[in-house]
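What TrEMBL lists as ATP binding site is GLY9, VAL10, PRO11, GLY12, VAL13, GLY14, LYS15, THR16, THR17.
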Amino acid sequence: MGKRVVITGVPGVGKTTVIDGTKEKLKEENIDYTSINFGTCMFEVACEQGKVKNRDEMRKLDQMEQKELQKTAAQLIAKIQDNVIVDTHCTVSTPGGYLPGLPSWVLQEMKPDMVILVETDVDQILMRRMKDDTRERDTEGYISIKDHQDYNRFMAAAYSMYTGCTVKIIKNQDFLLEKSIEEMMDILR
Ligand code: AP5
C-alpha cells in the first residue's frame with residue numbers, strides 16, 4: 001500500500017496548481033503519485049445520476065445526497081494501491097453551513113497518512129477567484145473566507161485525532177508557487 005495524502009484548501013487557494021507542479025517535479029525523481037480530485041469523482045457520479053450540470057451545483061444539493069456522493073467517491077479512491085494524492089476539501093461551504101469533507105465514513109474508507117492544508121492570504125484568494133470565470137463561485141467577502149480557512153484548521157485537528165494522521169500547513173503565496181511546490185515535494189518524497 002502506498003502513501004495516502006489528502007490535500008485541502010478553500011476554493012481558489014491554488015491546491016490543484018500546487019499538486020500538479022509537485023507531481024511533475026517528483027516524476028523527474030521517479031517518484032509517482034496518482035492524484036484524484038474528490039470533487040471530480042463525486043461530480044461524475046452525480047452526473048450519471050442526473051443530479052447536477054456543473055460541479056458548483058454539488059454543494060447546493062440536499063445534505064443526504066452529498067453524503068451519498070462522498071461515500072461512493074471514498075470507496076472508489078480506497079481501491080487505489082499506489083501512492084495517492086486526494087485533492088479535496090476539509091469542509092465544504094453549503095447553504096446549511098459547513099459540511100465536513102472527510103466525515104467518519106470517508107476517513108474509514110480512505111485511511112489517510114497525512115492531511116495537508118494549503119493556505120494563503122485571504123486577499124490573494126479573493127483575487128484568484130475573481131480572475132477565474134470558468135467557475136460559478138459563491139460571492140464571498142474577506143471575513144467569510146477567513147472564517148472558512150480558520151474552520152478548516154479546527155476540522156483538520158479533528159481528523160488527526162480520529163485517524164492518527166499528521167496535519168501539515170503549506171502556504172501558497174503570490175509569486176511563491178515554486179516555494180510551495182518545494183515544500184510539498186519534501187513531504188511527499
Ligand atoms: P474542487 O474541484 O476541489 O473545486 P474548488 O475547491 O473550487 O477548487 P478549485 O480547483 O477551483 O481551486 P483550487 O484551490 O484547486 O485552485 P486552483 O489550483 O484551480 O471541488 C468542487 C466541488 O466538489 C466542491 O465545491 C464540492 O461541492 C465538491 N467536493 C469536493 N470535495 C468534497 C468532499 N470531500 N466532500 C463533499 N464535497 C466535496 O487555482 C486557482 C487560481 O489561482 C488559478 O488561476 C491559479 O493559476 C492561481 N494560483 C494558484 N497558485 C498561485 C500562486 N502561488 N500565485 C498566483 N496564482 C496562483
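Backbone N, Cα and C atoms are what each Cβ position is placed from, and that goes for glycine too.
TrEMBL: automatically predicted annotations, no manual curation.
Overlay of TrEMBL feature records on the structure.
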residue : record           : CB count, 10 Å
GLY9    : ATP binding site : 25
PRO11   : ATP binding site : 21
VAL13   : ATP binding site : 26
LYS15   : ATP binding site : 26
THR17   : ATP binding site : 15
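Under DSSP, THR17 (ATP binding site) is assigned to a helix (H, G or I) in the three-state scheme. Taking the centre of the Cβ atoms of GLY9, VAL10, PRO11, GLY12, VAL13, GLY14, LYS15, THR16, THR17 as the ATP site, the nearby residues of that chain (Cβ within 8 Å, site residues left out) are VAL18, VAL118, ILE125, ARG128, ASN172.
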